[in-house]
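Colleague: Starting off with a structure, shown below.
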Amino acid sequence: MERSTGSNMQIQGQRTQSTAIVKVQQEPSIKIEPTVGGQLLRKLFQIIFFVQLFLVSILVIVLTIRGLIYAGSTDRFHPKKWYPPLLVSTASAGIVSFIWQSITFHCPSKAIKAVFWFTPLLTCAVGVLHILIGSPLSLAAGTIAILSGVIQSLYACWVNSRFDYASKILTVSTSAPPYNTTTFVIVSIITCLVYSSFSVTGIGGATATGTSLDIAFIVVILLSFLWSMQVIKNMLYVTISRIRYMNFACGVDINTRAAFHDTVKHFVGSVCIGSAIVPVIGTIRGSARAINLVAGDNDEFLFSCADCYSGFASTLITYGNRWGFVHVGVYNKGFIQASADTWEMFKRVELISLIDSDLTGVFCFLSGVAVGSICGIVGGTWELIIHKGYATEVSIYAFLIGYFMCRIALAWQQASVSAYYVSYAENPQSLRFDATIPVRIEQLH
């Protein structure tokens, strides 16, 4: 492969130093030093993350021991009926997630079509299960699930014309996965299996007594679980996006282990910040786009409100988007700065409309929903048969575990797509890129 052009050589000179980088120039790479405020913010979030993880781990251990002691002296809680369905669902999440990421890599076109058409059915199936359970909470969850399934099916019909481009961009960006990617994914899934099982034991211990304080404990464990799973996913995201960016932009390779070591050593604080910000901003932006579709331009007042909310969401996305993780890994920037720089670059080369119409992010989300639904059906159906009182909560916990397990398994592919977009935006004329993006831009125009 030919060596990088002059502009790419200049970019390469700014990248984070790593002993694993194959040098394409004589000058040493320069590590961008963050501002003092940026360093403090990173360190603060890193400390908060590890402290909460430590405290929640102690809480889980205490609740588990207390729950087992309490279960031995009362018939209110039955560990043999509560734990096995949830642990089996957790194991199923790991197996299905690994298989699905493999299918996505080898058959992206079929995977995209399958997930857009079958996820609504699986979501509705979860809704029917909750309605069969019959408790007030399960009826509410079932209604939401069925409505969500209907919306997903309508959305699949609406974006049907985008499937071909989504499969093309997924194929071209993942055509040469980093070395040891499969091992990396397996280790990540096993780590999540252990962590999810550990969290489940604590939730079970709190469920044993079920006081108001225990409900608060469950909420704390779930919030810690959500943030921790996001951090795990984005650690993979930063690692793989850096490797793929260097390959797309400069034609050089980075050893996967060395890249992950750099991520753990330098970028944990930025990853923790991004893991807390991106889901919130993504939810706001998604709701804004949905409101715009509903509002249309018929009602002037409603359209004005929707337009104002959309402007607010557009401002937020500038300072917190998943493409910023690429610059976090490549340039050692703070997450907010990386997000702003990446988004401005997309605007400069007029890629915003292409980014907004890309389905790979939605594909990963729906894949998580599909795997989560499968796990929720497995755990919920089992509990419906052996102990109906546990069915609702076990199904919900199993859904969350399955969702995040799948997102983590697919993180390397989503990171590859992001790296492709960012490296293309920095140098659209590079001969390393084919006509996939230019052709799509022409179609959109």
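Each Cβ is built from the backbone N, Cα and C atoms, and glycine gets one as well.
Just so you know, TrEMBL annotations never went through curation; they're auto-generated.
According to TrEMBL, the record shows the following:
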- 47-70: transmembrane segment (TRANSMEM)
- 82-103: transmembrane segment (TRANSMEM)
- 115-133: transmembrane segment (TRANSMEM)
- 139-158: transmembrane segment (TRANSMEM)
- 179-203: transmembrane segment (TRANSMEM)
- 215-236: transmembrane segment (TRANSMEM)
- 362-382: transmembrane segment (TRANSMEM)
- 394-412: transmembrane segment (TRANSMEM)
Colleague: Which range out of 47-70, 82-103, 115-133, 179-203, 394-412 gives the transmembrane segment (362-382) the most CB pairs under 8 Å?
Modeller: 394-412
Colleague: At an 8 Å Cβ cut-off, counting only pairs 6 or more apart in sequence, do the transmembrane segment (394-412) and the transmembrane segment (115-133) clear the bar of 3 or more pairs?
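Modeller: As far as Cβ distances go (cut-off 8 Å, pairs 6 or more apart), the transmembrane segment (394-412) and the transmembrane segment (115-133) touch.
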Colleague: Using a Cβ-Cβ cut-off of under 8 Å, list the residues of the same chain that are 6+ residues beyond the ends of the transmembrane segment (215-236) and lie near it.
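Modeller: For the transmembrane segment (215-236), the list is 49, 52-53, 56, 59-60, 63, 184, 188, 191-192, 195-196, 199, 202-203, 206-207, 260, 263-264, 267-268, 271-272, 274-276, 278-279, 325, 400, 404, 407-408, 411-412, 415.
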Colleague: State the residues, same chain only, that lie 6 or more residues beyond the ends of the transmembrane segment (82-103) and have a CB under 8 A from a CB inside it; answer 'none' if no residue qualifies.
Modeller: 110-111, 185-186, 189-190, 192-193, 196-197, 200-201, 204, 207, 367, 370-372, 374-376, 378-379, 382-383, 386-387, 390, 394, 397-398, 401-402, 405-406, 408-410, 412-413
